Amino acid sequence: MKMLLVRKFRVLILMVFLVACTMHIMIDLLPRLERRGPESRPGCSCPPPAAAPPAPPRALASKHTLRILQDFSAEPASNSRRSRGRRRRSGRRARAGGGGAAGRAAGRARRLIGPGAPRPPPPAGNAAPLAALFEHPLYRAALPPLADGDLLFNVNSDIRFNPRAAEQPEWQNEDHHEEFLPTGETSIDSYPNWLKFHIGINRYELYSRHNPAIEALLQDLVSQKITSVAMKSGGTQLKLIMTFQNYGQALFKPMKQTREQETPPDFFYFSDYERHNAEIAAFHLDILDFRRVPPVAGRLVNMTREIRDVTRDKKLWRTFFISPANNICFYGECSYYCSTEHALCGKPDQIEGSLAAFLPDLSLAKRKTWRNPWRRSYHKRKKAEWEVDPDYCEEVKQTPPYDSGTRILDIMDMTVFDFLMGNMDRHHYETFEKFGNETFIIHLDNGRGFGKYSHDELSILVPLNQCCRIRKSTYLRLQLLAKEEYKLSLLMKESLLKDKIAPILYQPHLEAMDRRLRIVLKAVSDCIEKDGYDNVVENDFNTDVNTVATER
């Protein structure tokens with residue numbers, strides 16, 4: 001009898017164990033089953049969807065073609081393999097043409113990205129200030145003609161856009177004519193918007209004025225289905241890499257502060273929060289006509305459906321929990337503010353964030369990282385050399401690449417840009433390696449801007465005060481934005497209202513920008529009084545534009 005009871009007890013334990021395992025497996029699979037369509041549910045009586053017509057053989061490598069221009073280097077290998085499989089199964093392929101087709105393709109690309117891009121109609125008499133600003137001659141000056149060497153990607157001849165050409169070199173020598181799709185669009189016109197953005201990058205700008213692909217890309221950032229999420233490695237604060245249904249990628253920075261909160265006065269600049277609304281506002285501050293910030297848009301993200309349920313990053317998934325207030329929270333892994341005490345919580349599972357479009361993959365468009373000459377010490381007690389040496393700029397101007405070309409003027413542009421935002425965290429900057437030293441500085445990582453509206457950090461302006469150099473185009477635009485009819489705060493407010501999570505900036509931040517703009521103009525005025533106009537203001541305009549802009 002005793003042995004019988006022992007056996008029954010063992011059987012009972014085994015049954016409980018099997019039931020527990022079964023329930024665990026079902027709970028794990030349930031979200032995935034819910035995401036699948038009705039055709040995968042055996043109990044569904046709905047008719048199966050009609051089979052799609054077979055894709056033509058030329059389309060087999062399309063998604064791989066588009067994918068190789070996108071930066072997947074920071075995503076886990078498991079996600080990359082999964083995406084690679086999908087890309088091989090569908091899509092259209094952009095193929096390189098022969099001599100005549102190549103010329104036509106290059107012409108289409110320049111119409112899409114260059115100075116000849118479509119412009120909106122002239123504004124009416126009662127047009128909004130922003131539309132009137134873009135009609136001003138300062139905002140209509142054309143770029144120099146773009147040669148092949150001025151384009152980051154040469155879409156008509158670069159074999160990197162054609163996997164088949166890369167795998168079979170002899171394929172390039174065949175006579176291939178320009179491809180037209182059944183809709184009448186050429187293959188370039190059929191590219192997703194993130195790829196059009198990449199194609200549009202040139203020696204002088206990340207994107208052209210009034211480029212319709214940029215507006216469409218901003219819409220994609222807030223509407224495209226998120227298919228994969230992973231943590232960005234190596235960051236001091238939590239950032240997520242999000243992949244979309246159209247295979248584009250963006251960097252997601254979640255909300256850590258409300259709009260009206262200021263950086264605590266006892267915080268060092270290197271331990272300040274990275275704010276999602278600062279990234280969005282920095283993109284719109286390209287009202288200065290620099291066009292050096294990658295497109296950024298705000299989005300309300302469902303933390304359960306669009307992050308937790310689609311991530312394959314186990315380290316990220318393990319940090320999700322439900323707070324005592326029944327809100328979904330997570331904290332990820334990073335150097336600062338990644339703990340239960342600093343968790344990011346939704347309401348109950350919705351959270352705001354900024355999505356910044358990725359630049360092209362480094363394997364396709366290498367970028368060079370430069371140490372900012374006016375980098376801060378990032379130490380609680382030590383000061384940088386420029387903080388104690390008033391003649392520091394003279395030393396910088398004798399050091400390559402600042403001893404020739406326009407790089408020192410680019411630094412001045414970046415200085416003005418950072419001062420208007422109050423951004424003290426500009427330790428490095430990047431340029432595209434293909435263009436050498438004769439190109440612009442990419443204004444990346446602006447999340448520590450717009451932290452204090454009640455304080456103007458004058459140390460950010462030290463490069464301008466020490467060097468006393470500025471582009472004439474920048475100086476004239478700053479003067480224009482100080483006028484009442486083109487007031488910077490009003491223009492920024494109007495531009496930011498286009499974002500889906502507007503309002504982006506607290507009103508005192510907008511007013512602080514007007515105040516800081518006056519400080520910049522006073523600094524340039526002091527330099528001119530000391531050194532003379534021609535020694536301070538570098539004329540980068542041609543004669544016609546210079547005359548018209550000055551008269552206006």
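Keep in mind that glycine also has a Cβ here, set from the backbone N, Cα and C atoms.
Keep in mind that TrEMBL annotations are predicted by a computer and have not been checked by a curator.
The model shown is predicted, which means the values in this text are computed figures rather than measured ones.
Positions annotated as active site by TrEMBL: Asp425. Long-range Cβ contacts of Asp425 (active site) within its own chain (separation 6+, distance under 8 Å): Tyr269, Phe270, Asp272, Asp445, Arg448.
Annotation source TrEMBL lists ATP binding site at Gln237, Lys253, Glu274, Ala356, Ala357, Phe358, Leu359, Glu430, Asp445. Listed in sequence order, Gln237, Lys239, Lys253, Lys256, Asp445, Gly447, Arg448 are the same-chain residues six or more apart from Glu274 (ATP binding site) with CB atoms under 8 A from its CB.
What TrEMBL lists as compositional bias 'Pro residues' is 45-57.
The compositional bias 'Basic residues' annotation in TrEMBL covers 81-95.
Residues annotated as domain 'FAM20 C-terminal' in TrEMBL: 320-537.
The transmembrane segment feature in TrEMBL is assigned to 12-30.
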Residues Gln237, Lys253, Glu274, Ala356, Ala357, Phe358, Leu359, Glu430, Asp445 [recorded ATP binders]: greatest CA to CA distance in Å: 20
Fewest Cβ neighbours within 10 Å, where candidates are the binding-site residues Ala357, Leu359: Leu359
CB contacts for Asp445 (ATP binding site) [other CB atoms within 10 A, all chains]: 23
C-beta crowding around Gln237 (ATP binding site), within 10 angstroms: 21
